[in-house]
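This is the structure, below, for whatever I ask next.
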Amino acid sequence: MDEVVSQILEKQVLSAAKAVEDKLDEEIAALDRLDPDDIEALRERRIQQMRRAAERRAKWRALGHGEYTEVPEKEFFSAAKASERLVCHFYRDNWPCKVVDKHLSILAKQHVETRFVKVHAEKAPFLTEKLRIVVLPTLAIVKNAKVEDYVVGFDELGGKDDFSTEDLEERLAKSQVIFLDGEGSAYAAKQAAATKRSVRQSDTGDSSDSE
């Protein structure tokens, strides 16, 4: 499974990198149209943004963001209070839960703004009863220390276990527990690529019409 996750992650990282490269090309073209004062102001603003972003990422990683980890029942509430956004997978050792593990391992690395954890349901009777966890797998969507939504089983993901990481990513984004414009977002990279293809097709069509 680690090899499969590694291959999927590598593919999506490459896609995300291509999207970032395209965005940089657009920014460079815009810079060519600016005068020196505008460039200096833009540079300073960008430095400040990068510094704040680095500070946020360092804080998130110190809280365990960027990795998909298991937490015992007694640590769930402290984790929920420490992180503004948290996705908790209530699982047991079965195939459907392993499928969710695979996708969450990828998303945890892509969405550092959110903490991803899992809790063994059979070892957390108090927590599963309090949160009314019945069906496994269940994802609890926690924001500001409150459980605001659930993804129960695979019903919202096509009803089968062959859903993609992007499908789960989009579902979590609907609950606003992750940002689709995250640096490593597979969905954002996919949308950027689709937009670029659409623009290219449009340009081709215009050229054909002019001829």
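For all residues, glycine too, the Cβ spot is worked out from N, Cα and C.
The following feature annotations were taken from TrEMBL:
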| type | residues | note |
| --- | --- | --- |
| DOMAIN | 72-153 | domain 'Thioredoxin' |
Summarise the domain 'Thioredoxin' (72-153) as counts of helix, strand and coil residues per DSSP.
35 helix, 26 strand, 21 coil
As a test of reading the model: what is the averaged pLDDT for the domain 'Thioredoxin' (72-153)?
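The answer is 97, the mean pLDDT of the model over that range.
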